[in-house]
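J.: Below is a structure I'd like to ask you about.
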Amino acid sequence: MHSNVGLAGLAGLLATASVCLSAPADQNITSDTYFYGQSPPVYPSPEGTGTGSWAAAYAKAKKFVAQLTPEEKVNLTAGTDANNGCSGNIAAIPRLNFPGLCVSDAGNGLRGTDYVSSWPSGLHVGASWNKALARQRAVQMATEFRKKGVNVLLGPVVGPLGRVAEAGRNWEGFSNDPYLSGALVYETVDGAQSVGVATCTKHYILNEQETNRNPGMEDGVEVAAVSSNIDDKTMHELYLWPFQDAVLAGSASIMCSYNRVNNSYGCQNSKTLNGLLKTELGFQGYVMTDWGAQHAGIAGANAGLDMVMPSTETWGANLTTAISNGTMDASRLDDMATRIIASWYQMNQDSDFPSPGAGMPSDMYAPHQRVIGRDASSKQTLLRGAIEGHVLVKNNHSALPLKSPQLLSVFGYDAKGPNALKQNFNWLSYSPAIQENHTLWVGGGSGANNAAYIDAPIDAIQRQAYEDGTSVLYDISSEDPEVDPTTDACLVFINSYATEGWDRPGLADNSSDTLVKNVARKCANTIVTIHNAGIRVVGEWIDHENVTAVIFAHLPGQDSGRALVELLYGRANPSGKLPYTVAKKVEDYGSLLHPSLPETPYGLFPQSDFDEGVYIDYRAFDRANITAQFEFGFGLSYTSFDYSGLQISNPKQSPQYPPSAAIQQGGNPHLWDNIVTVSAEIKNTGRVAGAEVAQLYIGIPNGPVRQLRGFEKVDVSAGETTQVQFALNRRDLSTWDVEAQQWSLQRGTYRVYVGRSSRDLPLTGSFTL
């Protein structure tokens, strides 16, 4: 949209826009010229410099690219057809021993193939609050990609962040808090790339709803993709934050998103690509489109786009033509090719890497070579990951763990396994509220993959019953089942579904709520497990006296049932915490409950205005003093923990803005200078060992009441005490100064809060800068 627009041209565009502002409110705007200039143009596209750890890879890449013909350079920039099951392919250059690239979904496990694992989802890892677990999951999951000949893992996800409660893809990301999301994406990128598989962190940026995410036809008229309209401060403090952590970790590629940003498409937005990503953050890798997200030709390349997937109709020979006629500099094409090849070298894929797509058959149901991606060494991480993402939110009368039950009654559609386990079976053409025919272990769309097996709750419960001599009655289809009055406990299983392509129809469904209430009416010990692909409100029944325990089980992957039984019987102690806020009623989410819809005069150009600024989720609840059902960071354990001994070091006196320095990957290196250290002691005051997530929140002057700025998950034996430490760096303590275009330390008193959740903070203190 903004290609080659100089100051005079920009002034003209702004003048045009000012004229258009007088359009009648009851008539739709019909031309995108109305929006010109709303996303500032940033040109030229900066060349990769090979800074830091990228130096050797860039030296090799420049030498490689210098040997290429113009056509070979162009071929590196767009996907091509190949006889394999990869999501996308880059063609080989045999004369230079470049075998091409296979890129494949997703951040939840390898999609579209066999002999791989279905891992706990991003949301499930977010609920674990475990950085070491996030890294180990990434290492072992990426190893499966490597064995299958996949060069680029299309993940992890930190966009959507989770602004909209009903958004369909929130389950793919970690949390709607940028700090938690950023800490976990750093570990995920670093872990996956440690085994030589490139990550493609996505979806950059502000892809916060599925509704109108792509342009489409409405009554024969084209409707543009939704525009996420945001101010610079909110962009930096919320949505760019986790992408910055991904770049800091060295993410080899970034996927630009379908939506528009300030009315310029994400894959041709020079402000977000050239300005924020490649200049401010010092990104050294390449920018890849989401599938079909290219909406411009040369303008996209000039705006910072490097690779189009799965193919292109507007680049190809047009790139060389553009260079010859001066529309595009030859150096831009060289930089595109160099960034792509440098990432290949950075991952050491030029040596001892399987042939691209070697284990990705084009047709899984036709004869093909068996390539085993799974490894027995992953079993522990699969199970541990599944366990730690469960969050116990209610446990009256110590209903859990179960105590040698003689009779268990199991109810609910979510208890059983699927009738069939097929390739990517759960990509639906619409989004129902629930998956009513089977347990939910993963969401839908490109983030889903094929499990090696599904261990459903009813199967795991019956295995345990066999060992214990417990009788099990079950009815997994009735909405109002009969209940044996002598049963020790009634286990009710429901779910809440979400998928790519559609936003959720709500945060609860009447059928599931009715089932819970019907069972609770007849059973004095009703234990509810919810497999939820996002926020699920429970106000209809959470306070029922017979609902004794509730678990948010999220999306645990293939070891779902096995993990749950470990928790139900106390062999594992719940340690998960909510990575989002559960409201008492959906109205408490305000304007951020539903996705934005087209409205006159923007019926043809849907607008989503991020007017709430940084106040989403718990920040919004804190500002409005709304009592949540279960606050951000909340989660129960079978033991108890006391907090004491808060200590705050003398802060390092620092200038308001970071000292000038050469930009490294991740931005100004002084952003990571430590300013102050906070420590506290945690004592396990219960009778069993457990893990606690100690959370640090900071009240920054002139900012939200409090913001997460540290967390540590520690194992503590019964009666023992351990210390946790939180190092706070410059970025942690800064706000974005729009005028200075810098992170700025605030002068004044910073409040310090340490505790169990965003609302349970027994330790408080302060320091002054």
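Glycine is treated like the rest: Cβ placed from N, Cα and C.
Reproduced below are the annotations present in Swiss-Prot:
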type	residues	note
SIGNAL	1-22	signal peptide
CARBOHYD	N28	N-linked glycosylation site
CARBOHYD	N75	N-linked glycosylation site
CARBOHYD	N262	N-linked glycosylation site
ACT_SITE	D290	active site
CARBOHYD	N318	N-linked glycosylation site
CARBOHYD	N325	N-linked glycosylation site
CARBOHYD	N396	N-linked glycosylation site
CARBOHYD	N437	N-linked glycosylation site
CARBOHYD	N510	N-linked glycosylation site
CARBOHYD	N546	N-linked glycosylation site
CARBOHYD	N625	N-linked glycosylation site
J.: Identify which of the glycosylation sites N262, N437 has its Cβ surrounded by the largest number of other Cβ atoms within 10 Å, counting every protein chain shown.
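T.: Per the Cβ count, the most surrounded site is N262.
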J.: Given the glycosylation sites N28, N318, N325, N625, which one's Cα is the least distant from that of the residue listed as 'active site'?
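T.: Of all the candidates listed, N318 is nearest in space.
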J.: Given the glycosylation sites N75, N325, N396, N625, which one is most crowded in terms of C-beta atoms within 10 angstroms?
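T.: Within the set of glycosylation sites, the most crowded position is N75.
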J.: Run through N28, N262, N318, N325, N510, N546 for me and report the glycosylation sites whose CA is within 10 Å of the CA of N396 (N-linked glycosylation site), in sequence order.
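T.: Cα within 10 Å of N396 (N-linked glycosylation site): N546.
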J.: Have a look around N28 (N-linked glycosylation site) and count the other CB atoms within 10 A of its CB, chains all included.
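T.: Cβ-Cβ neighbours of N28 (N-linked glycosylation site) within 10 Å number 16.
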J.: Which ones in the same chain are close to N318 (N-linked glycosylation site), with CB under 8 Å and 6+ residues apart in sequence?
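T.: Listed in sequence order: G297, I298.
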J.: Around N546 (N-linked glycosylation site), which residues of its chain at least 6 apart sit with Cβ under 8 Å of its Cβ?
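T.: Expected: A520, R521, C523, A524, N525, T526.
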J.: What Cα-Cα separation, expressed in whole Å, is found between N262 (N-linked glycosylation site) and N28 (N-linked glycosylation site)?
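T.: Approximately 18 Å lies between the Cα of N262 (N-linked glycosylation site) and that of N28 (N-linked glycosylation site).
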J.: By the DSSP assignment reduced to helix, strand and coil, which category contains N396 (N-linked glycosylation site)?
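T.: The residue in question, N396 (N-linked glycosylation site), is helix (DSSP, three-state).
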J.: Take the C-alpha atoms of N437 (N-linked glycosylation site) and N75 (N-linked glycosylation site) and report the distance between them in angstrom, rounded.
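T.: Each residue's Cα considered, N437 (N-linked glycosylation site) and N75 (N-linked glycosylation site) end up 45 Å apart.
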J.: What number of additional C-beta atoms lies within 10 angstroms of the C-beta atom of N510 (N-linked glycosylation site)?
T.: 11
J.: So for D290 (active site), how many other CB atoms are inside 10 Å of its CB?
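T.: Looking across every protein chain shown, the total is 23.
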J.: Taking the Cα atoms as reference points, how far is N325 (N-linked glycosylation site) from N510 (N-linked glycosylation site) in Å?
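T.: Cα of N325 (N-linked glycosylation site) to Cα of N510 (N-linked glycosylation site) measures 62 Å after rounding.
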J.: Can you tell me which of the glycosylation sites N28, N75, N510 is spatially closest to N625 (N-linked glycosylation site)? Compare CA atoms only.
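T.: With Cα distances computed to N625 (N-linked glycosylation site), the winner among N28, N75, N510 is N510.
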